[in-house]
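Comments concern the structure below.
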Amino acid sequence: MTEEKSEEQEAAHTAAEGSNEPSAEAPETGAGEAPKAAPPYRASYVFLGVVAIVTLALDLGSKWWAVQNLDKPFARVDLIKGYLSLALAHNRGGAWGLLQDQSENVRRPFFVLVSVVAIAFIVSLYRKLAPNQTALRWGLPLVLGGALGNLVDRIRYGHVIDFIDMYIGNGTGLDKLVESISGPMREYHWPTYNIADIAIVAGVILMGVDMFTSRKKSAPPKKAEEASS
């Protein structure tokens, strides 16, 4: 009887020791550890690259078409007579003829440097986007693609190829309104532009939309302001 009792005590003691040993099949789960924070949001460069490349391809393709079809004396394609046409122009300066009268040794390095700085700024800014900045997510790659398109022209030719001519012609009705404001005129032409310029303007508008919506979201509610006052 005594032997059976001692055997039972020994078995119980062995089982208790075994329960204190860590199980190889059930490793520690670290339940006491704090959960790891989610990694910060990072905008993908894939979207930036795709939109910029598509914009660049459309710009260069349209310029190639313009050179092939409009590089002739008096060559002009009327899309909307009196308002919109296609006519080839070489812009050696910037917007509205900026630095157009300067020498090539001044113009080309200046505009190339400005373009490179703008591209670097866009790429760095895109990486810092927040998940809800949809307008800026589209605006930055559009500006990037347009900047690359005009940069290619300046490196290759020393000037930008423009071909979209928007104007107000005589007999359109709007010419009388313009004459009443600015005096007699023959035709009023907006500076000739290209697809790259359209992309840049659209991108800048989207950047402005993002700036406006971001300020609106960050502004405290009126009730909170009244309560605090």
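Counting begins at 1 with the first residue displayed.
Any Cβ shown, glycine's included, is placed from N, Cα and C.
Annotated features, as they stand in TrEMBL:
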REGION    1-36  region 'Disordered'
COMPBIAS  21-36  compositional bias 'Low complexity'
TRANSMEM  45-66  transmembrane segment
TRANSMEM  110-127  transmembrane segment
ACT_SITE  Asp162  active site
TRANSMEM  193-213  transmembrane segment
ACT_SITE  Asp197  active site
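Asp197 (active site) sits 9 Å from Asp162 (active site), taking the C-alpha atoms as the reference points. Here the transmembrane segment (45-66) has Cβ contacts under 8 Å with residues 86, 88, 123, 126-127, 137-138, 140-142, 144-146, 148-149, 152-153, 161, 163, 194-196, 199 of the same chain, all six or more residues outside its ends. Residues near Asp162 (active site) in space but far in sequence (CB under 8 A, at least 6 apart, same chain), listed by position: Leu88, Ala89, His90, Asn91, Pro191, Thr192, Tyr193, Asn194, Asp197. Using a 10 Å Cβ-Cβ cutoff, Asp197 (active site) registers 20 neighbours.
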